[in-house]
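> Annotation source TrEMBL lists transmembrane segment at 16-33. Annotated domain 'Glycoside hydrolase 35 catalytic' per TrEMBL: 55-367, in sequence order. Summarising the annotation, TrEMBL assigns active site, proton donor to 202. Here TrEMBL flags 276 as active site, nucleophile. Residues annotated as domain 'Beta-galactosidase 1-like first all-beta' in TrEMBL: 426-527. For 552-611, the entry in TrEMBL reads domain 'Beta-galactosidase galactose-binding'.
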């Protein structure tokens, strides 16, 4: 009996040990999978080739039917919905930019988490059987601040962006060291979804350094990029934007046979592709909402396909320029015009992911290019409209200066990028308050050194605005010494054109009062980053709305939801200009000049029951925040 009991005990111990070993092995494999994700979506045969007049993939003819969806413009919770809708439309390829300024917000500090989890996006595409063309830049344009380049590059007064200037190439090399090793495992040759990689973006429209494109190409190849390389330019850019070893593609909205013929001439017996077929257009503050008719779009896309050209719809789904990330447009204008927050783009899938007439027309067209029926349409997203909520509390700008970094004293004004903040990376976005002392009234002249727009205050009382158009302002007389304040907003850096090296913001030179150049400034950086918003939420400076607010000011209230949150849109008809935060997330700018009149609020960012809403308003409010189940992008104009 003892021997039997001993054997039973030994058996139990052996079983326990075996189970423990299995558990350890499972944990090891799980951790290994997390660090080395399984991305295989196919058996590796032969990737995308451009060796004849047609693309081939896996040694078979392949027509690229692509659509652009930028992961950084869409809440992560909605990525799968948007990609399923892309696939259901008959598209087989996803294209996306990669924004350097979000992934490296400070030099040497990298962020690939949550909404910036590029690897998760690529894994999702693979799991859904969607191919990917990656457009890693470093410059991306995209109506995005500084075309995706980080503003800390501009701390170097000699910086020459998009050239082989050592200060730029060193930064690119450091960034690519981190980025490219993340995407290499997702290439076709590794069993992943990436079938092509674009070298830079539209360089032919910039083209200031003939050694630059070869540098970017080699930066990709030397880090393990093995898939087909592409470039992307409009017709004029094709003359200067190519690089040996990369297939040139073209961008346009209206089909010009001469442009297609030119592409054939410079690349005989090569596949033809429209890398950016512009399905709509972007909007500028103070302008109108651009629309491109569904019928005109369908006609052009049909003709492109008849020419056996591959196509990528830019955009298929635009999304939103959340936060302060929208760019500015300067080509052919006396001064830059900032982009609106919405990036709806009049695309086939709306800003909030809704089907449009364009979507259904394209789905019908693309269905004829598939041997099997297209997937069923995913269920349309639901929307909510809520009763207006009343602002409860306010806090003056002048009351929150103790919540931001210590002010910086300087004899002369210092531009945002060169302020000693954010670990000496400067200020990237938001507002900067410059204060100095004056002893008289008179004519305040900006000397065109305001970038981009300044609210001017004397003793915290608003006296007017300085910007590109208004460069002189009358300052009222007063007794003794008074504080002059200029709250300067960076409205968005130019993202396209020849002026990118000039995109420093804040006050970039001298300011003059009468004949005197102003000196001795105290400078406050108000970039409104998440840590600041968190401090704002817990501040004790909030004041009841029974007391009249002093502008600029932050306003706080709460939205209570008794059911599962759904997407909605905020409307602020009684407000002038500012920024909205919901549960600490920056939804973007609003401005009464339009055209955009609503801000998109993703239901995925709302909580059931309690939601905090904070609004930074520059000049006026009626104290009400309204909601709508549909967007209002303002009066429209046809894209010409």
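Placed from the backbone N, Cα and C atoms, the Cβ positions cover glycine too.
Unlike curated entries, TrEMBL annotations are predicted automatically.
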> What whole-number Å value do you get for the CA-CA distance of the residue listed as 'active site, proton donor' and residue 276 (active site, nucleophile)?
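For the residue listed as 'active site, proton donor' versus residue 276 (active site, nucleophile), the Cα atoms are 10 Å apart.
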> Would you find the one among the active-site residues 202, 276 whose Cβ has the most company, meaning other Cβ atoms within 10 Å?
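When each Cβ's neighbours within 10 Å are tallied, 276 leads.
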> Helix, strand, coil: count each for the residues of the domain 'Beta-galactosidase 1-like first all-beta' (426-527), based on DSSP.
3 helix, 51 strand, 48 coil
> DSSP-wise, what's the residue breakdown of the domain 'Beta-galactosidase galactose-binding' (552-611) into helix, strand and coil?
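Secondary-structure composition of the domain 'Beta-galactosidase galactose-binding' (552-611): 3 helix, 34 strand, 23 coil.
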